[in-house]
Amino acid sequence: MLASHMASDLVSIIVAATYLASFLKIHKNSLQNDTQYFGAIVGRVVNRIGGAQFTLNGVHYKLDANEKPNMLHGGRKGFSLLTWNVEKYVKDRANPFIVLSYYSHDGEEGFPGNLLVRVTYALLEPYKLSVIMEAEALNKATPVNLAQHSYWNLGGHNSGDVLSDTVQIFGLHYTPANNQLIPTGEILFVKGTPYDFLKPHKIQSQMKGLPRGGAPSGYNVNYALDEGKDHKLKLAAIAYSKKTGIGMMISTSAPGLQFYTANYLNVTGKGGYVYQSHAAYCSETQGFPDAVNHPNPPSTIVNPGDLYVHNICPDLNQQINETHFHVKHCSVTLTIT
């Protein structure tokens, strides 16, 4: 996805055939070991499930532990690495869109039940994208927590690190995690902590207060978002890069947002540019991580007959600067016919 001044996520959301062929040629030997999830739809459950296990309706399920001893982003063959069916593609109209679907079988990566998943990408305006993720449990209750895993660098994908970007996140609380990034079960106030982005801050100014350890310093934390109920969109985050003057707003229907500053990034990307630590950030709207093993977070269980819906709307066509963040909700008016 491109905005003026060439701001884009590290792997474009709209992928042309020539680019896809190049991507597959370059990465044919590493796709199955992908740990970056560039631009992917991640599932059946995004983020981590502690111990790669959970109990649902009296049945204990063991999952694929691809980040031992835990599961990350749906396992070794999560949705990000699978072939999706193109159900519909319309490009010659004011709001072009594509509908993708995938049928996930009972037992896939250890999850119970057959699941039908659909994702609709639609361009609402030149710089406003709508992503609608839907899933229907067909015969068993199952956890579902999908996410769109784009990496953003509003200064341009090859402009270096994003630590000078200004960010605002509309979450009064965050969910602390242990050294394996599994939530402790607590839900804490951000006020007075390095996780407080209730007012706009440069990433590097807040990051100074993070605990120091052997791993690269940076953010990889889930925020409990404010306001919003059901499937209605709410403003989740705003970001701005002084390098280009481009701002972005992200609205979502999800209860959480994982803010990740690409702490472990070290990969060759578009045009042969090498993306290193902090070369981008992810704002993954989601249900809470490891929700299946904790009583307090919003449930991620989808029962047969229920429809899971997760909307996200990244909007780069905004008048945002360092001193004034223009706030409005992203409205989605999309009819698929």
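From the backbone N, Cα and C atoms, a Cβ is placed for every residue, glycine too.
The following features are taken from TrEMBL:
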type: ACT_SITE; residues: H149; note: active site, proton donor
type: ACT_SITE; residues: E284; note: active site, proton acceptor
type: BINDING; residues: N47, R48, H149, S150, Y151; note: beta-D-galactose binding site
Distance from the residue listed as 'active site, proton acceptor' back to S150 (beta-D-galactose binding site), taken between C-alpha atoms, in Å: 8
My understanding is the cutoff is Cβ-Cβ under 8 Å with a sequence separation of 6 or more in the same chain; which residues meet that for the residue listed as 'active site, proton donor'? Y37, F38, G39, A40, I41, V42, V46, H73, S80, C282, E284
Widest Cα pair spacing in Å over the listed beta-D-galactose contacts N47, R48, H149, S150, Y151 is 18
Please work out the number of neighbouring Cβ atoms within 10 Å of the Cβ of R48 (beta-D-galactose binding site), leaving out its own Cβ. 19
If you draw a 10 Å sphere around the Cβ of Y151 (beta-D-galactose binding site), how many other Cβ atoms fall inside it, taking every protein chain shown into account? 24
